[in-house]
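*Asks:* Okay, here's the structure, questions in a sec.
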Amino acid sequence: MNKRVKIVSTLGPAVEIRGGKKFGESGYWGESLDVEASAKNIAALIEEGANVFRFNFSHGDHPEQGARMATVHRAEEIAGHKVGFLLDTKGPEMRTELFADGADAISVVTGDKFRVATKQGLKSTPELIALNVAGGLDIFDDVEIGQTILIDDGKLGLSLTGKDAATREFEVEAQNDGVIGKQKGVNIPNTKIPFPALAERDDADIRFGLSQPGGINFIAISFVRTANDVKEVRRICEETGNPHVQLLAKIENQQGIENLDEIIEAADGIMIARGDMGIEVPFEMVPVYQKLIISKVNKAGKIVVTATNMLESMTYNPRATRSEISDVFNAVIDGTDATMLSGESANGKYPRESVRTMATVNKNAQTMLKEYGRLHPERYDKSTVTEVVAASVKNAAEAMDIKLIVALTESGNTARLISKHRPNADILAITFDEKVERGLMINWGVIPTMTEKPSSTDDMFEVAEKVALASGLVESGDNIIIVAGVPVGTGRTNTMRIRTVK
């Protein structure tokens with residue numbers, strides 16, 4: 001059985017060699033990227049089970065990310081497998097400003113009182129912490145007395161005890177001992193801040209990614225609050241001639257949860273970004289929302305990626321904790337299409353081991369989906385011919401113990417709909433366009449491949465059998481299910497045929 005749950009692996013310096021030096025060694029960042037050595041490390045991740053690589057534009061400039069993308073193309077050649085390319089936007093965010101005296105951080109103790117400035121363009125001091133807010137917003141009027149300001153992923157909490165309208169500053173009191181570092185993330189739960197739908201930097205980053213050789217296949221849009229946030233990115237993709245790029249809305253706050261249905265409808269999929277979500281909403285609700293989101297996205301037949309802190313301890317340790325293993329396992333049982341590695345593979349000590357561990361857990365968990373899974377295919381929409389065929393394919397595969405479904409698909413939609421039903425079989429998606437092929441890398445159970453478009457219906461079924469045999473997924477004498485649209489090029493799926501491989 002092949003691994004059907006996909007892995008999104010974030011790339012960063014952990015797998016990159018510069019001037020013969022590894023990340024963490026003295027002088028590393030002063031050296032040029034060694035493309036060949038780095039590509040071999042990335043190829044190793046592909047061999048261990050990475051299906052999609054994530055380029056996190058919260059870190060690194062365009063030259064760095066462009067070189068990283070080019071290195072992945074070389075890694076594909078070494079590994080002999082293609083992967084998907086996912087650009088993750090920085091998104092609208094707040095961070096602490098630099099300190100006026102050049103300090104990296106200041107220490108505070110419980111009960112310390114000081115101020116937080118909402119005016120933009122200031123520098124921090126021990127008495128006044130300045131904020132850098134996306135879009136240059138002044139958030140003074142958006143935050144109420146009694147709310148909590150969280151710094152550095154919630155490591156430090158500040159109670160907002162007063163507001164000074166004359167200076168537009170917050171009066172705050174430290175809830176615990178901690179430090180305030182420069183350029184650390186700031187969250188204010190239960191607050192609706194009127195960020196622009198798309199920050200200027202995100203617009204530039206997206207256009208840069210789309211312009212790279214080979215382009216990108218997925219965009220993860222950070223801090224999506226409404227469907228309009230997704231539509232803004234869709235507009236850029238269409239404007240630049242990239243309507244095929246799939247958009248994953250990152251659900252990270254209460255507003256995103258409240259508007260979940262409209263966001264799912266507007267996007268091609270959802271990324272459950274549990275890091276910021278765990279700060280923006282009550283932490284005990286994170287697993288509840290994870291199950292809710294996965295269930296809704298499964299029903300819609302779209303992509304769902306579970307992300308953040310999945311194997312966090314492997315950033316520093318060669319083995320995951322038992323709770324982390326359970327976390328990955330349960331995400332698969334919940335119905336996720338893919339699980340994601342962040343710091344573990346981007347800047348951790350054990351990127352290859354992290355991918356291997358996640359692949360092992362994913363593969364084990366998928367064998368128990370039928371017994372423990374939370375899918376309810378009987379509730380899925382069956383109002384179209386393609387939906388009915390997709391449901392029938394799953395039933396036929398299970399009734400006849402068929403291990404391979406071959407879907408000939410121009411847009412990828414047929415394979416996605418079959419994947420939605422989680423059949424106990426691999427789904428070999430035969431496409432005729434590399435963009436479609438790469439766009440299927442993230443879907444559960446789908447093994448995409450590309451070939452020449454058949455010229456007739458008879459040729460179509462012959463091609464399906466030939467490609468299936470060449471893939472090594474079946475042998476002569478095995479039964480396969482072939483799903484396609486007849487006649488060729490109709491753009492709709494209306495035919496299911498069970499065929500014995502010659």
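In case you wondered, yes, glycine gets a Cβ from its N, Cα and C as well.
Swiss-Prot feature annotations, pasted as is:
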BINDING   Arg54, Gly275, Asp276, Thr308  substrate binding site
BINDING   Asn56, Ser58, Asp88, Thr89  K(+) binding site
BINDING   Asn56, Phe57, Ser58, His59, Arg95, Lys184  ATP binding site
BINDING   Glu252, Asp276  Mg(2+) binding site
SITE      Lys250  site 'Transition state stabilizer'
*Asks:* How big is the gap, in Å, between the Cα of His59 (ATP binding site) and that of Thr89 (K(+) binding site), rounded to a whole number?
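*Replies:* Thr89 (K(+) binding site) has its Cα 10 Å from the Cα of His59 (ATP binding site).
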*Asks:* For a quick check of understanding: among the binding-site residues Asn56, Ser58, Thr89, Thr308, which residue's Cβ has the most other Cβ atoms within 10 Å?
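*Replies:* Neighbour-count leader: Thr89.
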*Asks:* Using Lys250 (site 'Transition state stabilizer') as the reference point, find which of the binding-site residues Arg54, Thr89, Lys184 has the shortest Cα-to-Cα distance to it.
*Replies:* Thr89
*Asks:* CA-CA, which of the binding-site residues Asp88, Arg95, Glu252 lies nearest Thr308 (substrate binding site)?
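*Replies:* Ranked by Cα distance from Thr308 (substrate binding site), first place goes to Glu252.
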*Asks:* Round to the nearest Å and give the CA-to-CA distance linking Lys184 (ATP binding site) with Gly275 (substrate binding site).
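*Replies:* Taking the Cα atoms only, Lys184 (ATP binding site) lies 14 Å from Gly275 (substrate binding site).
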*Asks:* Taking just the CA atoms, what is the gap between Phe57 (ATP binding site) and Gly275 (substrate binding site) in Å?
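*Replies:* That separation, Cα to Cα, works out to 16 Å.
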*Asks:* Report, in whole Å, the straight Cα-to-Cα distance of Gly275 (substrate binding site) from Glu252 (Mg(2+) binding site).
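*Replies:* Roughly 8 Å, rounded to the nearest whole number.
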*Asks:* Near Asp88 (K(+) binding site), which of the binding-site residues Arg95, Gly275, Asp276 can be found within 10 Å, Cα to Cα?
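*Replies:* So the list reads none.
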*Asks:* Given the substrate site residues Arg54, Gly275, Asp276, Thr308, which other residues of that chain have a Cβ within 8 Å of the mean position of their Cβ atoms, reported in sequence order?
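*Replies:* Neighbours within 8 Å of the Cβ centroid, excluding Arg54, Gly275, Asp276, Thr308: Lys250, Glu252, Ala273, Arg274, Ala307, Asn309, Met340, Ser342.
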*Asks:* What does DSSP call Thr308 (substrate binding site) in the simple three-state scheme?
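*Replies:* Note: Thr308 (substrate binding site) is coil by DSSP, not helix or strand.
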*Asks:* In terms of DSSP three-state secondary structure, what is the assignment for Ser58 (K(+) binding site)?
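*Replies:* SS state of Ser58 (K(+) binding site) = coil.
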